[in-house]
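In what follows, a single structure is set out as structure tokens and then discussed.
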Amino acid sequence: MTSKLLFLSFILLLLGSLPSMTESYGRREKICGISSLISEELFKTLFLHKDDSACPANGFYSYQAFIEATKRFPKFGTTGCLATRKREIAAFLAQISHETTGGWATAPDGPFAWGLCFKEEISPQSNYCDDSVKQWPCYPGKSYKGRGPIQLSWNFNYGPAGKALGFDGLKNPERVAEDPTTAFKTALWFWMTEQKPKPSCHDVMVGQYVPTKADIEANRTAGYGLVTNIINGGLECGIANDARVNDRIGYFQRYAKLFNVDTGPNLDCQNQKHF
């Protein structure tokens, strides 16, 4: 066989192996999950003060619990191109940081370095029981106050979250503030689950949100602002320069820089009608 034929055979052999090489890479990416995008070191940099003695949740929200929880939702942080994946993770962590923030304007390292400071609502004004929701009846003596990274609230969230994750959220809502992996799982459940007429936060951040006619009329455009609308739009959206919305944005901007990704458009929801 001539040298030219040998070279041609080598090229054909190499080209034939490319699909399996690509598949192997894809499998490795899937196995690694989001830990390939957010290391423990980066996690600590994002949440500089979560374990300070001043934070009631100190020692609770571990990196290991977060990574373990993401395994229950394999599409989180693994959908789309690299920038989309990073942006979704940054957006999720920014929203839970606002929900659990212990920061203030002049806080050490700035107000956006104090996420995951709380694991449950302090001095709730009610037990968050909606008796009109018959599918998820409240259990006597139980409070469905905000708990965990997303501050899961109300019986109509605790019930389905518990059912999806394998615990009785109505009889044992306290578990969300007792087990860190469960806590992160409830936040991810809320993030990943469509609750019509609301889309899922995940679909919004990865470009899979398809607005309805009502969404278009309400100016609910895709972006981080729409995620805020999904989470707490009834109280925060349709308001110019709302401090709570600005806090969510501040966390997102800091985290996006640390992930080396842009935030994308439509950061606020001041021109959106809530759901």
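Heads up, the Cβ atoms here are built off N, Cα and C, so glycines get one too.
According to TrEMBL, Cys55 forms a disulfide bond with Cys117, chosen from Cys81, Cys117, Cys129. Only Glu99, of the recorded positions Glu99, Cys129, Cys138, Cys237, Cys269, have a C-alpha within 10 angstroms of the C-alpha of Cys117 (disulfide bond). A Cβ distance under 8 Å defines the sequence-distant neighbours of the domain 'Glycoside hydrolase family 19 catalytic' (55-77), meaning residues of its chain 6+ beyond its ends; these are 30, 33-35, 37-38, 40, 43-44, 47, 49, 85, 88-89, 92, 100, 102, 114, 116-119, 122, 149, 165, 180-185, 187-189, 191-192, 202. In terms of C-alpha distance, the listed disulfide-bonded residues Cys55, Cys129, Cys138, Cys237, Cys269 place Cys55 closest to Glu99 (active site, proton donor). Nearest neighbour of Cys129 (disulfide bond) by Cα distance, taken over the disulfide-bonded residues Cys55, Cys237, Cys269: Cys237. For the domain 'Glycoside hydrolase family 19 catalytic' (55-77), the number of residues in each DSSP class (helix H, G, I; strand E, B; coil) is 8 helix, 0 strand, 15 coil.
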